[in-house]
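To keep things clear, I will list the structure first and then write my remarks on it.
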Amino acid sequence: MALSIRLASPLQPALAALCRAAPRQHRGLSTPSGQRHTLDLGGIFPPLATPFSSTREVDYAQLEENLCRYASIPFRGLVVLGSNGEYPYLAPRERLEVVSCVRRALPRDRLLLAGSGCESTQATIELTSSMAEAGADMALVVTPCYYRGAMTSAALVQHYTEVADASPIPVVLYSVPANTGIDLPLEAVLTLAQHPNILGIKDSGGDITRMGLMVHKTRQEDFQVLAGSAGFLLASYALGASGGICALANVLGAPLCQLDHLCREGRWKEARDLQHRFIEPNTAVTRRFGIPGLKKAMEWFGYYGGPCRAPLAPLTPPQLEELRGTFSTNGWL
């Protein structure tokens, strides 16, 4: 579907929200209490990098350009304000402006997930509601972690239950222990999977046994498990995951969608060969070099990466050489 972009000033999220209110009702995203949402999360979602100008302001023009380039890739949808979007470094006003900007540019048949997780339950509820007004189809809610010692399974179940009860849009759980130090406990996930307004989970931990158990134990709940990394995407599909939210999709979106296609067709050998070529580049733009590495790699593939906000520092020349070599030796450059 062609991408029609008519971006107004990013300072008009309220107007954009009014324009979208009717389409959201038409799509049936408002669900009566006790009735489960039926949105299909099957497919690939890139967690968009947030573009900044040379003065470290959000660059909406470059965001528009990246969205134009992504329009031809068969993504299921986009994720904004996740870990790769430098979410902790954005002001509340900027977060809503980014969501509103992307929603205006995104075809209605593609889903928009927006990160709305905060440290307190109250703040998460308020931001989730604001994200819905700005045009998000679903809220991606990361585990609160500042007081991680107190984040027991019971506390997290209570947190997510209150958020889901109050949210006007479906909630997707987000477990990313590399950033938070907390792996959302399996028993908590299984309990929360029964909530009618909790649609699934993005699991970035990489424990395939755990992901398989999530799929198996929630098969009666219509609960969708999403792989949180391209490094274990094939293994996740083999165990029944619905899709993936993968940082590498900012760079290699079309090949990742091809892997998704191969897995759905049962062409496992071709899928395995492709998966092997993703492992090292994925590690490079996540664990090895992080967002600075991701943004630099985006530039090699025709996207705008640009700088990160401090204190994230740019890569050194040796790091750049290593990053480029990783993509080259796996046949991407």
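Note that Cβ sites are derived from N, Cα and C of the backbone, with glycine treated the same way.
Small disclaimer: the values here were computed from a predicted structure and weren't measured.
The active site, proton donor/acceptor annotation in TrEMBL covers Tyr174. Counting every protein chain shown, 27 other Cβ atoms lie within 10 Å of the Cβ of Tyr174 (active site, proton donor/acceptor).
Just so you know, the Cβ of Lys202 (active site, schiff-base intermediate with substrate) picks up 28 other Cβ atoms within 10 Å once every protein chain is counted. Look at TrEMBL and you will find Lys202 tagged as active site, schiff-base intermediate with substrate.
In the structure as shown, the Cβ atom of Ile245 (pyruvate binding site) sits within 10 Å of 29 other Cβ atoms. Sequence annotations record features per position, and here TrEMBL assigns pyruvate binding site to Ile245.
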Item to check | Alpha-carbon distance [Tyr174 (active site, proton donor/acceptor); Lys202 (active site, schiff-base intermediate with substrate)] in Å | outcome: 5
